[in-house]
């Protein structure tokens, strides 16, 4: 029997990345669920990026009554780099018991001028000036343009989801709750168990 996974997005790139990642390990049925992340269109900082991913995952698992909910957010997070931040994708996987695992994609530095705009809430493709490519967020992403297609947004998202699956695949004995991870990130996200009693 297939495991149902709800992705908290209406973005087909995120959907395909989650489908590819989960299909490596599970017989899976993936559904898209439109949810609010609780953060702006360009999240920045660990609290917003991790909090947004967790919120998407929680709302997806609750709304779809699925086995897993997956949330993905991208944005600059604090890290030792030229501008003090790197752009990354964070994936959160939440189960019916409100246990959460987190994974990150490969990350890259962002030009300081672009970073300043992103930290003010301007979406990356607009801040970089590549909006003329149209719909980058739902295609190769800025990373696809920057790497001439060697790495795409779907690749980054898929890798983040696979990283978030590791504790579940390896059977880690203790998986944190949504609230525990949110608190570590400086965010506030609540989850209520959807497991039938």
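Cβ coordinates are placed from backbone N, Cα and C, and glycine is handled just like the others.
Under the heading substrate binding site, Swiss-Prot lists 9, 10, 11, 12, 13, 14, citing sequence analysis as support. Residue 12 (substrate binding site) carries a helical DSSP state (H, G or I).
For residue 65 (Mg(2+) binding site), the number of other Cβ atoms no farther than 10 Å from its own Cβ, over all displayed protein chains, is 12. Positions annotated as Mg(2+) binding site by Swiss-Prot: 36, 65.
Across the binding-site residues listed here (9, 10, 11), the residue whose Cβ sits among the most other Cβ atoms within 10 Å is 9.
Counting every protein chain shown, 28 other Cβ atoms lie within 10 Å of the Cβ of residue 14 (substrate binding site).
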